[in-house]
């Protein structure tokens with residue numbers, strides 16, 4: 001498959017908000033893809049490189065080169081070139097890497113160059129495509145969409161399912177089953193504004209602690225124990241205390257879903273970044289375990305002793321979990337059998353208050369009758385947590401790409417220092433409606449003081465209200481922290497930059 005075809009489809013997908021149109025475009029692309037193309041096409045569509053990080057950013061790309069007139073690059077050829085680029089090391093490697101990139105871009109048309117530049121810098125902006133791509137794959141192969149989605153859930157990878165389905169046809173989907181030792185995509189929760197709203201939507205439910213930890217899926221098959229993150233990375237070797245806790249359980253074959261969390265001596269959660277450090281580093285595992293011990297806390301059972309529980313009601317799955325685990329390895333919860341009863345609603349609100357008092361994020365309200373919808377943000381799990389907001393100042397903005405080409409999109413956000421300067425806390429383009437994006441583009445152009453072709457620096461005058469889920473430590477930013485899941489709520493033109501939140505205010509919100 002020519003890279004030009006993939007680049008064109010990516011551009012068209014980014015330009016439309018219609019799900020049906022996205023599905024049709026991707027289905028056509030999948031029909032034209034050969035078996036050798038699929039392992040490259042799918043990650044490229046998602047804006048990912050199969051090789052992971054290869055050390056290429058905006059600076060590495062250097063000056064633009066004259067584009068080719070005709071498309072000749074294939075997706076597999078580009079993939080091979082990037083694999084070779086990633087392996088280039090040693091004395092003089094930087095020059096050789098730059099020359100490889102220059103040669104690659106010289107062979108690309110203008111449209112292909114734009115796509116490659118976005119792919120290499122993490123700027124492919126075309127919306128979340130996983131669910132749409134699964135439906136498109138079903139259309140391309142003539143398979144029931146529900147069967148494809150379930151296969152993706154069980155395989156943990158759209159890429160694996162696509163490779164088999166396009167080669168062997170719809171009948172091959174039956175081979176994808178829940179297997180101990182092969183992680184599945186985790187079930188995700190949607191947001192609700194309050195516990196009361198969640199109770200109204202779900203009916204009989206469980207209200208469980210929402211821990212600010214690392215999602216973990218644990219598989220045990222006899223003596224073999226493996227642990228996986230929500231992105232299905234194997235982290236077993238970094239977590240000896242998790243392996244020990246699981247090895248002590250009486251059941252010999254199971255799949256559990258839960259969280260890893262680091263607790264202080266007072267039983268309160270330590271900062272999220274400390275928990276994350278245990279997953280992110282392979283160095284000195286024993287020392288890390290001694291310095292930042294983590295504990296597993298589980299909330300679901302997907303399989304126990306040969307019984308597949310995915311399609312069973314949550315009430316049954318939790319009963320199996322309770323038979324397997326002691327209380328200290330399960331999240332705290334309260335069951336609301338009658339959500340209309342005033343005393344039950346009061347108890348649920350009190351449970352949220354107690355959870356927050358213990359230092360946790362909030363609660364997840366779960367439908368007792370719901371099956372486990374792996375890989376989907378379904379309506380049967382609703383998370384409730386306080387919304388944190390800050391009034392920050394826009395320091396700069398990045399030019400958009402894809403459907404945001406021509407717009408000023410990704411905001412650089414800062415908090416006020418005592419001397420009147422600003423400390424950058426992070427970036428976001430989340431939460432921007434089309435109308436707000438248009439307004440922001442026009443307004444920030446008026447404030448522009450410098451433009452390097454990618455980042456537009458602006459006068460620090462515009463205040464924006466930002467919602468975020470918490471703070472985490474970061475050596476990248478001058479205040480030592482950055483915002484987690486920051487998104488734009490609204491611009492505060494009624495406020496001046498002198499009224500924006502201070503670095504001191506931001507730091508005071510750390511747990």
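Cβ atoms here come from the backbone N, Cα and C positions, even for glycine.
For residue 210 (active site, N6-AMP-lysine intermediate), the same-chain residues lying six or more positions away in sequence with a CB closer than 8 A to its CB are 355, 360, 361, 362, 363, 364, 383, 384, 385. Feature annotation from Swiss-Prot assigns active site, N6-AMP-lysine intermediate to 210.
Classification of residue 377 (ATP binding site) by DSSP places it within a strand. Around residue 377 (ATP binding site), the same-chain residues at least 6 positions away in sequence with a Cβ under 8 Å from its Cβ are 188, 189, 190. What Swiss-Prot lists as ATP binding site is 208, 215, 230, 259, 299, 377, 383, and the listing cites sequence analysis.
Annotation for residue 299 (ATP binding site): spatial neighbours 208, 257, 258, 259, 318, 321, 330, 331, 333, 364, criterion Cβ-Cβ under 8 Å with sequence separation of six or more. Around the Cβ of residue 230 (ATP binding site), a 10 Å sphere holds 14 further Cβ atoms from the protein chains shown.
Within 10 Å of its Cβ, the residue among the binding-site residues 215, 383 with the fewest other Cβ atoms is 215. With the fewest other C-beta atoms within 10 Å around its C-beta, 259 stands out among the binding-site residues 208, 259.
Our reading of the ATP binding annotation (208, 215, 230, 259, 299, 377, 383) yields a largest Cα to Cα distance of 19 angstrom.
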